[in-house]
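Okay, structure first, notes after.
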Amino acid sequence: MSTPVAMQPVAEPATGRTGPRPAQRLTGFMPLIALVALVAALTIADPDFLTARSLTAVARTAAPLIVLAAGATLVVLCGGIDLSIAALASLTTVLLALWLPHLGGLATPAVIGVAAAIGAVQGVAHVLLRIPSFIVTLGGMSILSAVALVVSGAGTVRVVDDSPVAWLDLYLAGYVPMSAAMALLVVALIALVLKVTPLQSWISATGYSESAARLAGTPVDLVKIGAFCVSGACAGFAAVMLVSRQFSGGPTMADNLLLPAVAAIVVGGTAITGGHGSLWRSLAGAFVVTLLRVGLPIVGVPSAYEQILYGVIIVVAVALTLDWSKVSIIK
Amino acid sequence: MTVTSGVAASRRIFRRGAAFRDAGPPVALVVLFLIFAALSPQFRSIENVQNIVDAAAVLAVVTCGITFVLMMGSIDLSAAGVMGASALTVSLLVANNRNDNDFGLAGIAVAVVLGCAFGCLSGLALVLLKVPSFMATLGVSAIGLGVATLMFAGVQPNITDAMLKSWAIERFLGLSYLTWIAAACILVGWLIQRYTRLGRYAFAIGGAEEVLTLSGVKVKPYKVAVFALAGAFYGLGGVMVTSQLGAGLVQAGNGYDFSAITAAVVGGTLLTGGRGGILHSAVGVVLVMVLTNGLVQVGVSPYWQGGVEGLIVVAAVAAAVIPQRRRNQVVK
């Protein structure tokens, strides 16, 4: 599952340095090491952990997180950040729950389209108004939460007939949860599209050095807007998964997924300064975060430590993956 | 001669521009107040004005803290977590229904110091680990919420301490004690900003950190100190929320981080740093409170509050960036 991470070459900016620094070499394998260590530790703590049943449960829990993190990874690769993903996913759960009775099977593509459009709007605001991305998406987070509260009347919206989204709750071949398979498919699809088109180099050029990319003729603005758009669409798809599992939509349902998603991205080793990283890394990061979440109770640690752990992980992982050569002044 | 007069003229124009910019928020406040007063009879009642001022108390204290961070050009998203932790700390240390502690003022001081320590943590992550402040403070916020959840331990601590409870209830000259505490905080914040090295360096770091470093100032300790100061203000904010609610809640600081950024930005403190100040932010706080209160009075759903704040922040930041559109090409 995580072999692609190891195969991912450590791309280097042409800044005159030769070879990756030790810290970078370490962070290149960080998600893999963390994943193996976690699985080993959990198996020792609870021998029953390495059974098909619990692994299936882990994959099922990880699915929405994988999709959320994969989308936001694109924005981070461009050098920005998307803090609105969780609020957007919450809003989308509400919209889906409200639209399912009227639109039926069309509701799913409709809400994903709306989420993508909202993401694109944030991207346009970031690019055209020249506002830092974290401010745009912080504002977006606040606005989207308010819209979700108003639309839902600040309550949970029950889904009576969930047949159009129930397929996400099935199991492939009896073991593999459909949602996890779809999450992997999303990651593979985005990664493939990046690979076979110039997009990959455009995105990393934008992330490594935006002004150089602009001079080289990269459509930087469009790339950024596209990244926000995909991030929004992924948030929408994650919301569909949540609704299919919980049979309802809620204005704050996905809000607690923001920190895990950000943690998944940075634990994967994607640099918050942009350019360095990949979707596969975020996939591994999402599994690491999910294993931590599932593993804490197994080891007997109260779940309150989960939040503390996320905080520490985010700070430490960002510090390790940061491209120090690029930032002389950190604000 | 012509050169000097030219310089003087341009300086005068610059001053006029600055004066215009500084006058913007207060004028907006007056206009907004008049509009709502015309629209709603309840809004212009004296009780409602008291309500607005009293409701602004906690936000004012939190905004005091965040203003120093914003002046430096950094950002602080940790208010919610720090306030949650300090709210639980104070509610467990003063007389309450969970344990036999009754430390009174000392308990409040501990909560403020705890906030200060959390701020210190953000500052150290920024300075030593070079983690950008929005990430560092996002992490610290999560840590604060986790610590608060640990202390909460499933049973809500209700405070029985008469003094802390009286802060929110008792009035002096028509305003609650909390409001006077907030006023004192604004005064202290203004004195720090105006008369101490910490305040002036915070400005300078936001304006031109490179220049400051080149002239031999060690900026790192000051950055940590600014975050610690902000943390102390959040700690006090958490104590004040606990006094209002009569109980320590993990969610005590919910939404205050973003509201405080809104208030500071709307008051004229630029997110790029080096401009604005405590008094600007104080005007911003009242502006935000008048807006939220006024919208509810004219019949807009209170759920829109966050949405309005989000729009204001994006609009205010966009407006502030327009004059320097050409200068900073790269926006992350």
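Positions of Cβ are set from backbone N, Cα and C atoms, glycine also.
Unlike curated entries, TrEMBL annotations are predicted automatically.
Among the features that TrEMBL reports, transmembrane segment is placed at B:23-40 (among others). Beyond the transmembrane segment (B:23-40), the same-chain residues lying 6 or more positions past its ends with a Cβ under 8 Å from any Cβ of the stretch are 266-268, 280, 283-284, 286-287, 290-291, 293-294, 297-298.
The annotation transmembrane segment is assigned in TrEMBL to B:52-71 (among others).
Under the heading transmembrane segment, TrEMBL lists B:77-96 (among others).
Per TrEMBL, the feature transmembrane segment maps to B:103-128 (among others).
The transmembrane segment feature in TrEMBL is assigned to B:134-152 (among others). Sequence-remote contacts of a segment are chain residues at least 6 beyond its ends whose Cβ falls under 8 Å from one of its Cβ atoms, and for the transmembrane segment (B:134-152) they are 75-85, 87-89, 92, 118, 121-122, 125-126, 248-250, 252, 257.
Per TrEMBL, the feature transmembrane segment maps to B:172-192 (among others).
The transmembrane segment annotation in TrEMBL covers B:224-247 (among others).
Residues or ranges marked as transmembrane segment by TrEMBL: B:253-271 (among others).
Among the features that TrEMBL reports, transmembrane segment is placed at B:278-296 (among others).
The feature transmembrane segment is assigned by TrEMBL to B:302-322 (among others).
Long-range Cβ contacts of the transmembrane segment (B:77-96) within its own chain (Cβ-Cβ under 8 Å, at least 6 residues beyond either end) map to 62, 65-66, 102-104, 106-108, 110-112, 114-115, 118-119, 122, 134, 137-138, 140-145, 147-148, 151-152, 157-164, 231, 234-239, 241-242, 247-257, 260. The largest share of C-beta pairs under 8 angstroms with the transmembrane segment (B:302-322) comes from B:253-271, of the ranges B:52-71, B:172-192, B:253-271, B:278-296.
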